[in-house]
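Since the structure comes first, as structure tokens, the remarks are kept for the end.
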Amino acid sequence: MLLLWLSVFAASALAAPDRGAGGRRRGAAGGWPGAPNVVLVVSDSFDGRLTFYPGSQAVKLPFINLMKAHGTSFLNAYTNSPICCPSRAAMWSGLFTHLTESWNNFKGLDPNYTTWMDIMEKHGYRTQKFGKLDYTSGHHSISNRVEAWTRDVAFLLRQEGRPMINLIPKKTKVRVMEGDWKNTDRAVNWLRKEASNSTQPFVLYLGLNLPHPYPSPSSGENFGSSTFHTSLYWLKKVSYDAIKIPKWSPLSEMHPVDYYSSYTKNCTGKFTKKEIKNIRAFYYAMCAETDAMLGEIILALRQLDLLQNTIVIYTSDHGELAMEHRQFYKMSMYEASAHIPLLMMGPGIKANQQVSNVVSLVDIYPTMLDIAGAPLPQNLSGYSLLPLSSEMFWNEHKLKNLHPPWILSEFHGCNVNASTYMLRTNQWKYIAYSDGTSVLPQLFDLFSDPDELTNIATKFPEVTYSLDQKLRSIINYPKVSASVHQYNKEQFIKWKQSVGQNYSNVIANLRWHQDWLKEPRKYESAINQWLKTPH
């Protein structure tokens with residue numbers, strides 16, 4: 001039934017728009033004549049490589065495939081910080097993480113920060129938000145904060161439970177992530193009751209929590225674990241035979257930051273191939289459920305005759321490692337964590353186009369303003385994606401000059417014991433750490449080594465040096481790292497003073513309690529030594 005509907009859909013709702021009504025750019029700042037509506041759907045933890053071959057073979061994603069066929073897909077889109085709040089802060093501000101000082105899941109934008117949605121509202125758009133936002137300061141657990149603040153301390157503590165899977169008993173259950181479905185329903189109802197009757201163009205944002213792993217409510221050995229949770233209905237969308245078992249480096253050969261991450265994520269123990277494959281299968285099933293919610297929005301737009309004048313954008317805050325590089329979650333510059341989906345469909349957007357240029361989430365802000373015809377602030381880190389996706393600009397030579405040939409991503413939060421900076425160009429991925437000297441950098445040739453298994457930084461010193469110089473021209477990363485060190489220490493001292501002398505007992509009840517309770521005096525001593533050490 002879905003295939004039949006998609007064929008009808010392709011012939012009608014997404015027919016090429018009249019070039020007189022759309023598809024033209026207005027001035028240098030841009031803007032579509034006729035002020036199209038915009039719908040932005042942002043999921044959590046979606047590996048962008050699933051939206052194109054060969055990753056797309058592992059799971060059925062019909063509505064993402066629909067957007068690919070009738071719109072533009074960006075093959076090399078990246079998060080600007082592979083963790084929820086800092087990534088979303090970059091998307092809503094159009095600025096790199098270090099410019100807004102969105103250092104961790106607790107430290108994001110000021111609640112009164114002017115976002116692209118605020119500007120679109122001032123330019124005549126009716127605006128609405130549903131679901132997960134998570135770009136302002138003050139959220140997330142004490143565990144998450146303390147773990148981020150103390151990452152400079154010289155100890156190793158498991159901060160996560162071992163990743164798990166859970167198949168719900170009801171085989172036919174479709175709405176597994178009920179909270180996301182409720183927000184999707186709210187968005188659809190708003191389209192029907194408000195947007196369809198509005199004389200203004202509208203911009204609708206829907207934030208989904210899927211396919212982020214679920215927190216485990218269990219206690220005991222797996223307390224605090226993350227659970228990949230789904231039903232048989234969604235597992236049937238996964239091609240089990242197409243699931244790739246990732247290669248792992250021996251623990252003794254891992255990069256020191258990778259080892260720290262793997263240890264704190266409780267992934268240094270033994271995992272069978274079946275365990276790994278099941279975790280990945282359940283994750284892909286959660287991606288299929290995410291795709292269905294995106295589909296509900298597209299279906300509603302079609303049914304309300306809004307689709308022909310609505311630009312639909314789908315992306316995610318970051319990816320999910322799903323046991324690649326012996327890790328789950330994100331917090332890494334490896335492809336599974338940093339590579340995100342980014343698809344655009346609608347009036348003036350070229351159909352069935354794949355753009356290989358590197359782009360990132362800071363590009364959402366100028367893109368939104370460009371659609372609205374609003375002037376672009378000069379201080380933005382991002383660039384409008386309209387020239388890359390427009391029917392009028394499809395020229396290989398011009399495309400190279402429409403966006404810088406690099407993107408920047410940085411990470412300063414928990415589960416990683418050094419500030420991390422990634423410069424991605426067409427062929428290379430360069431990853432620098434901390435002050436640039438105390439931790440060895442990494443260099444990967446993504447053309448010959450897409451799985452990022454061989455660090456060639458010392459083998460190609462000229463390339464490494466050149467990329468490091470380029471990175472330093474964009475961001476003074478040793479200085480930023482020092483600022484984060486100081487921030488972490490100041491925040492921990494404030495928190496420690498707020499809980500009094502029993503702070504050790506408080507820590508003993510956080511996620512890392514199992515390790516802390518074995519040798520509390522040892523870890524208290526390590527913290528005291530860290531607090532005394534000047535940076």
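Using the three backbone atoms N, Cα and C, a Cβ is placed for every residue, glycine included.
Swiss-Prot annotations:
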type	residues	note
BINDING	D44, C84, D317, H318	Ca(2+) binding site
MOD_RES	C84	3-oxoalanine (Cys)
ACT_SITE	C84	active site, nucleophile
BINDING	K132, H255	substrate binding site
With neighbours defined as other CB atoms within 10 A, the best-packed of the binding-site residues D44, C84, H255, D317, H318 is H318
Under 8 Å Cβ-Cβ from K132 (substrate binding site), six or more apart in the same chain: what's there?
V42, D44, N183, G207, L208, N209
Would you mind pulling the DSSP three-state label for K132 (substrate binding site)?
coil
In the same chain, which residues outside the set D44, C84, D317, H318 have their CB within 8 A of the centroid of the CB atoms that define the Ca(2+) site?
S45, T79, P82, I83, S87, R88, D134, H212, S316, K330
Of C84, D317, H318, which is closest to H255 (substrate binding site) if I measure between C-alpha atoms? They're all binding-site residues.
H318
DSSP three-state assignment for C84 (Ca(2+) binding site)
helix
